[in-house]
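> If you scroll down you'll find the structure; I have some questions about it.
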Amino acid sequence: MQKEKIVVLYGGDSPEREVSLKSGKAVLDSLLNQGYDAVGLDASSKDLVVKLLELNPDKCFIALHGEDGENGRVAALLELLGIKHTGSTMKSCVVTMDKMISKEILMHHRMPTPMAKFLTDRLVEADEISFPVAVKPSSGGSSIATFKVKSLEELENAYQQASKHGEVMIEQWVTGKEITVAIVNNDVYSSVWIEPLNEFYDYESKYSGKSIYHAPSGLCEQKELEVRQLAKKAYDLLGCKGHARVDFIYDDKGDFYIMEINSSPGMTENSLSPKSAAAEGIDFDSFVKSILEQAQC
């Protein structure tokens with residue numbers, strides 16, 4: 001039986017390029033170790049379409065993060081070329097990439113998520129949500145240009161920094177434990193509790209290697225079931241497919257708040273999704289294989 005040809009898409013031109021390169025290398029190494037006919041392709045290539053047509057893969061493993069991998073453009077391209085790919089469809093990627101659109105859908109379905117809105121008139125909008133608040137780009141990931149703002153005096157600088165990355169949203173700050181749940185289609189994995197290096201799980205906390213991760217999270221059986229059910233419902237409501245990750249805050253009252261859904265999570269051996277799977281005895285190679293097997297067009 002002829003082996004499937006796999007192209008791992010990584011890199012790209014988003015601010016998360018370096019993270020994507022690490023994810024792509026980890027996935028490619030895993031596939032090669034498992035005997036797959038796999039090659040890597042940097043999505044920043046101006047000849048991306050030509051190279052994809054030349055390689056003519058059976059499947060593409062999307063290891064892109066940020067705009068290039070999560071805004072639906074790459075998924076749309078692969079779907080038009082008839083190439084099966086990991087992750088969500090173009091429509092779902094468009095929704096999950098925009099945190100405000102995602103949040104509005106979740107709120108419509110009465111899912112627990114902090115109140116938020118676009119930050120257009122900074123003073124008026126901030127007055128409607130009591131401090132502290134989170135200020136961040138509506139699109140993007142890795143907590144780039146995300147700020148905890150405690151006063152009007154801090155708001156201007158946060159807005160200026162976040163607005164470099166597109167539209168800005170302001171969100172009620174929720175204090176509690178940071179919990180995340182990885183999903184691959186119908187498989188909902190163990191929750192992970194993150195103790196960030198800094199006050200919250202910002203870019204430095206994510207990639208400094210100094211944050212502490214608890215996998216499994218240590219939630220009681222009832223709360224573990226609750227957070228998994230919430231994660232799967234959010235995943236389904238936003239039309240996610242394949243591998244995705246749902247991030248929560250778990251407050252001191254015992255309530256979960258959905259913060260965002262990531263349609264193309266990190267895929268190094270130290271990333272959150274592999275930790276979530278590892279907590280259930282699934283090693284990195286097996287996790288990569290399970291994601292690849294769910295590839296669709």
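Counting starts with 1 at the first residue shown.
Just so it is clear, glycine is given a Cβ too, placed from its N, Cα and C backbone atoms.
Per Swiss-Prot, the feature domain 'ATP-grasp' maps to 103-293. The ATP binding site annotation in Swiss-Prot covers 129-180. Residues or ranges marked as Mg(2+) 1 binding site by Swiss-Prot on the basis of sequence analysis: ASP247, GLU260. Residues or ranges marked as Mg(2+) 2 binding site by Swiss-Prot: GLU260, ASN262.
How buried are these features, and what lies next to them?
Along the domain 'ATP-grasp' (103-293), the predicted structure has mean pLDDT 88.
LYS150 (ATP binding site) carries neither a helix nor a strand DSSP state and counts as coil. All chains included, 12 other C-beta atoms sit within 10 angstroms of the C-beta of LYS150 (ATP binding site).
DSSP classifies ASP247 (Mg(2+) 1 binding site) as strand under the three-state reduction.
Secondary structure at ASN262 (Mg(2+) 2 binding site), taken from DSSP and collapsed to helix, strand or coil, is strand.
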> Looking only at C-alpha atoms, tell me how far GLU260 (Mg(2+) 1 binding site) is from LYS150 (ATP binding site), rounded to the nearest Å.
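So the alpha carbons of GLU260 (Mg(2+) 1 binding site) and LYS150 (ATP binding site) sit roughly 22 Å from each other.
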> Pick the one among the binding-site residues ASN157, ASN262 whose Cβ has the fewest other Cβ atoms within 10 Å in this structure.
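Per-residue Cβ counts within 10 Å for the binding-site residues ASN157, ASN262 bottom out at ASN157.
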> Cα distance, GLU178 (ATP binding site) to ASN262 (Mg(2+) 2 binding site), nearest Å?
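A Cα-Cα distance of 15 Å.
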> Look up LYS136 (ATP binding site) in the DSSP assignment and reduce it to helix, strand or coil.
strand
